[in-house]
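Below: one structure, written as structure tokens.
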Amino acid sequence: MMMSLSSTVSLTSSIKLKPNHTPNSPPPLLQTQPTPHPSTSALINGGRLIQAITALDPLLAAPDPDNQHPHLLASYSLILKSCIRTRNFALGRLLHANLARSGLNLDSVIRNSFISLYSKCGDFHQAGQVFEAMGDAADLVSWSAMISCYANNGMEREAIEMFVRMLEWGVYCPNEYCFTAVIRACSNFGFFGVGEVVYGFVLKTGYLDSDVCVGCSLIDMFVKGSSDLDSAYKLFDRMSERNVVCWTLMITRFMQTGFVREAVDLFIDMILEGHVPDRFTLSGVISACAEMESLSIGKQLHSLSVRLGLVSDVCVACSLVDMYAKCSKDLSLHDSRQVFERMHEHNVMSWTAMITGCVQSGGLNAEAISLFIQMVQGSIVPNHFTLSGVLKACGNLLNLCLGEQIHAQAMKRGLSSIDFLGNSIISMYSKCGKMEDARKAFDLLFEKNLVSYNALVDGYAKNMGSEESFELFNVIEERGIGTNGFTFASLLSGAASVGALSKGEQIHARVFKSNLASDICVSNALVSMYTRCGDIEAAFKVFDGMECRNVISWTSVITGFAKHGFATRAIEQFREMLLSGIKPNEVTYVAVLSACSHSGMISQGIEYFDSMFKNHGIMPRMEHYACVVDIFGRSGLLAEAIRFIDTMPVKPDALVWRTLLGACRIHGNLELGKHAAQMILEQEPQDPAAYILLSNLYASEGKWDYVADIRKNMKQRHMTKEAGYSWVENENKLHRFHVGETSHPQAKKIYEELDELAVQLKEMGYIPNTDFVLHDVEEEQKEKYLFQHSEKLAVAYGLISTSGSKPIRVFKNLRVCGDCHTAIKYISLARGREIVLRDSNRFHHFKNGECSCNDYW
């Protein structure tokens, strides 16, 4: 009868144990072991196991007058150990069957090997049968093998009970193998309490001071069983003997628990104590440098790897590839490529490291896919890490076709249900806008963790599915899965994408409840949410209350002020950022230049553009050049804009020309606009935006024949213009309006409000600007069209449905119409309401007949 686990506390002080070799006793006298049969020694040593068994069969069946059986057993023992070493489990099973039929009296050595064989192939039931059949012949090795068998096959309770049974029966005092196996079984939250009792037993028997393996097992138990890295390190520190394996384990556990700096410091201590690192130590500490993005230390470790002759090792080389990729300050990955190309052989690990490095660099997704194709063509079979990296590249490139093929490969290889890969599949479909497929991939996962839920929440949030993301968030809370900063950041992004301020405020309250208010990522998401929902003061309040700010925090608030038309405050925050010692990045400068552009600050904008490289070593990207073109273009300085484009050190892309074309449309420069459109279409012949802008330019000049030709060309190319629409949030619900919308439940009241406004605004001096009606119809009909624009419908609904004390917040997917902009200024004055409108470019704050953009947008 097996003893309960709770009684292990008293066992160690009451049991009577058979003596065996312990750390405090001398080793027993060595006994002469029989040698293998001479006819099979050469065959076994040559790895020809089947021939060796065939040669032994006649001897097994023959009488034994010359006492040959001990030599036969020695031969079978060697064959069996070779089967275990080469994982030829089928041959080992066959050998067991043959010996069982022979009736040969098997010794404990060969029976213990059978236990190990079945343990290695996961057949714990058969291993148990061999052990039970041994009876009193079971020795300490037998008990250790069974405890290890259960521990290695996820049967922790059975392993502990076997250990307790051995102690209860007083069979043997545990040796280092017994202790190592049972400690491994206790290395989890469920049995950590038992592990602490075993730890006391280890101290009593003295194995901690004499056996490094036992000490390493205990270190693992503290980390895996209770996440107690402090106790693990104290145990490590008190060990009298510490070899390279022990040091490597401690370094690895520091890394895995997020203490990468401490892992590197521990490695330095190891070197100072005179230990020579092996390939596992080096690959671990190089990975720590990758996490820290410490290129200088990484290079020193690279040099050490060369001196120790380990640089050609696959594990070390893969770690170096990953380290150089993560520490790369540009998109070249030159150092990673050099390490990769110098490797003598490439396996799935090295290819995966290079592919993952390309994806993590943020700009080499196409190269990651190219590497994957080369890898597969070279007959290297990808694993789930490889497929995960390629799926991320597909998602980043919105390459749904290839992503579906990779998904099919994962399913074919039976890998798609692995949570790690499944999460990448969900993310890929989400980025490509295929939320139905993302949901299917999510539902097919066997084990859904927080990362799985977060991937789907983030997908819904980014695909205008804020309702679904909030519903999923409720499921997460109901099931007790837990939430983290990424969950809240995704939800806040979802609220921000549709301007759902009330939902964003609810999430803000949940953030406080979850004690995540100090999380810098969540705080940055809150700043972004309030900014994009039109409440810039609430955004600044969150920013101002942050204890710790990074470049993303500063960039978010600068972008917010710029988008809301508060250029002076944006520039003030930029200066404070520089004074605080935070170095701006490329995105920061896009925000600063945009602030200058939207506010007509020409000289300041050029000055900031020139300072990018001069003061901070930031090479201008195409977005920065486009901002400068916009600075000139919005001010009507089209000649300066084209001169700037002609002097660019790189070829201007479609974004730059599209910016110039927009300026030509505003200022009515048809000839330059045609040139800009032609340049866009040379680079992106299928881009509908260029056709639409050019069409609008012709329409504003009254050249309707040209407009008709352009629209006919678009139709032939199967191009469609994105439909404009506006929306308003009211009582946690979004109300969407298209031009001439009549399906809204309150459509009658909305149009009555518009009719009343039309009369009132004209009395105040408003004159409809029919130039913004891009159709060749009568003037009266043009005025009617103007008052059916989605912006005006949304504002009218806001007037009849919201309290007069609150601002009306309207959102539009395209640029606001010039006539609507003028009309809303009058509406804010006529009704005494503050109206905040977010279009595709910026925010407009209308109050008392004025707009924050000063009519410059």
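For all residues, glycine too, the Cβ spot is worked out from N, Cα and C.
Curation plays no part in TrEMBL annotations; they are all automatic predictions.
Database features (TrEMBL):
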COMPBIAS  1-14  compositional bias 'Low complexity'
COMPBIAS  30-40  compositional bias 'Low complexity'
DOMAIN    765-857  domain 'DYW'
REGION    1-40  region 'Disordered'
REPEAT    139-173  repeat 'PPR'
REPEAT    243-277  repeat 'PPR'
REPEAT    347-382  repeat 'PPR'
REPEAT    449-483  repeat 'PPR'
REPEAT    550-584  repeat 'PPR'
REPEAT    585-620  repeat 'PPR'
Beyond the flanks of the repeat 'PPR' (243-277) by at least 6 residues, Cβ under 8 Å: 212, 215-216, 219-220, 223, 227, 229, 232-233, 236, 284-285, 287-289, 291-292, 294, 297, 304, 308
Predicted model, mean pLDDT over the repeat 'PPR' (243-277): 90
Spatial neighbours of the repeat 'PPR' (585-620) far in sequence, C-beta under 8 Å, 6+ residues away: 551, 554-555, 558-559, 561-563, 565, 567-568, 570-571, 574, 577, 627-628, 630-632, 634-635, 637, 842, 853-854, 856-857
Summary of DSSP states over the repeat 'PPR' (585-620), given as helix, strand and coil counts: 28 helix, 0 strand, 8 coil
Tally of residues which DSSP labels helix, strand or coil - the repeat 'PPR' (449-483): 26 helix, 0 strand, 9 coil
Per-state residue totals over the repeat 'PPR' (243-277) - DSSP helix, strand, coil: 26 helix, 0 strand, 9 coil
